[in-house]
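Working notes for the structure below.
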């Protein structure tokens with residue numbers, strides 16, 4: 001029985017008896033860049049209890065996961081089921097099993113560092129003009145939140161070069177990329193980008209910096225970008241960092257330097273009932289006509305108090321997340 005495969009560049013053999021330098025990946029494997037219908041052993045899956053309550057698990061034959069609704073048996077309840085299925089737990093409650101995406105991974109990943117969330121990530125990917133086939137340099141890798149979003153955007157032919165100063169974090173990120181079947185799209189380097197750069201020259205379409213002193217890495221970002229030009233983004237929580245980074249970008253010949261602060265404003269939408277205004281007695285004929293047209297609406301609102309009506313209302317939450325950081329973008333033009 002044959003199996004559809006895609007070939008990805010690697011140092012190992014492909015298992016067909018010839019050292020062709022390619023690694024073969026079955027289409028049937030779960031991947032963060034390839035959707036699959038059925039849950040299989042070894043998959044990463046998202047247990048969805050609610051919009052504010054979800055977590056990631058690794059599906060294992062014979063394994064189990066405890067939730068507030070009871071236990072989930074991986075062999076009986078997950079393996080072989082379709083992603084999106086509603087699964088009943090041992091205590092009678094139920095959860096949904098979702099296919100992982102970069103957005104879901106961002107809200108469920110194990111935090112090794114502070115991370116970027118979808119509000120900033122979406123802006124970064126748009127302003128860096130990333131697309132399938134783009135080559136991107138990133139520092140630092142951290143918990144891999146942005147890395148997963150970049151990889152999905154540049155797949156299937158792009159490449160991410162991500163640099164992490166901390167050895168253990170770099171090793172853990174590399175392990176996660178392998179588990180998520182996206183390691184063929186990313187190269188992880190454990191080095192100091194401010195002293196050693198990205199390890200590549202004149203190949204990147206875009207560079208992203210999320211480090212304590214990004215101004216020290218701007219010259220290496222310049223050398224990593226293609227000679228015909230590219231885009232750079234720096235994320236910094238403090239305005240003093242932004243000022244020094246903008247000066248370094250100017251010295252390196254970057255242009256179109258702009259800084260943004262992205263704030264997420266969430267609205268609470270709810271159904272409210274309000275009293276109808278008493279406008280006095282009108283034309284009797286018009287009232288009879290309107291009464292006939294509105295009879296069906298009045299039937300559906302029969303549980304309302306006399307003289308009230310329902311409508312949807314939206315208002316911002318009293319408390320919401322504030323400042324996360326500043327995003328500074330600039331462009332390298334062909335000199």
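These residue numbers are counts, starting from 1, taken along the chain as shown.
Even glycines carry a Cβ here, placed using N, Cα and C.
Nobody curates TrEMBL annotations by hand; they come from automatic prediction.
Values in this document were obtained by computation on a predicted structure and should not be read as measured data.
Annotated by TrEMBL as region 'Disordered', the relevant range among 285-307, 308-330 is 285-307. Summary: among the binding-site residues (164, 192, 210), the fewest other C-beta atoms within 10 A of the C-beta are counted at 192.
Most Cβ neighbours within 10 Å, among the binding-site residues 143, 146: 146 holds that distinction in the structure as shown.
Annotation for residue 145 (S-adenosyl-L-methionine binding site): spatial neighbours 102, 105, 106, 109, 115, 116, 117, 121, criterion Cβ-Cβ under 8 Å with sequence separation of six or more.
The number of other CB atoms found within 10 A of the CB of residue 144 (S-adenosyl-L-methionine binding site), across every protein chain shown, is 31.
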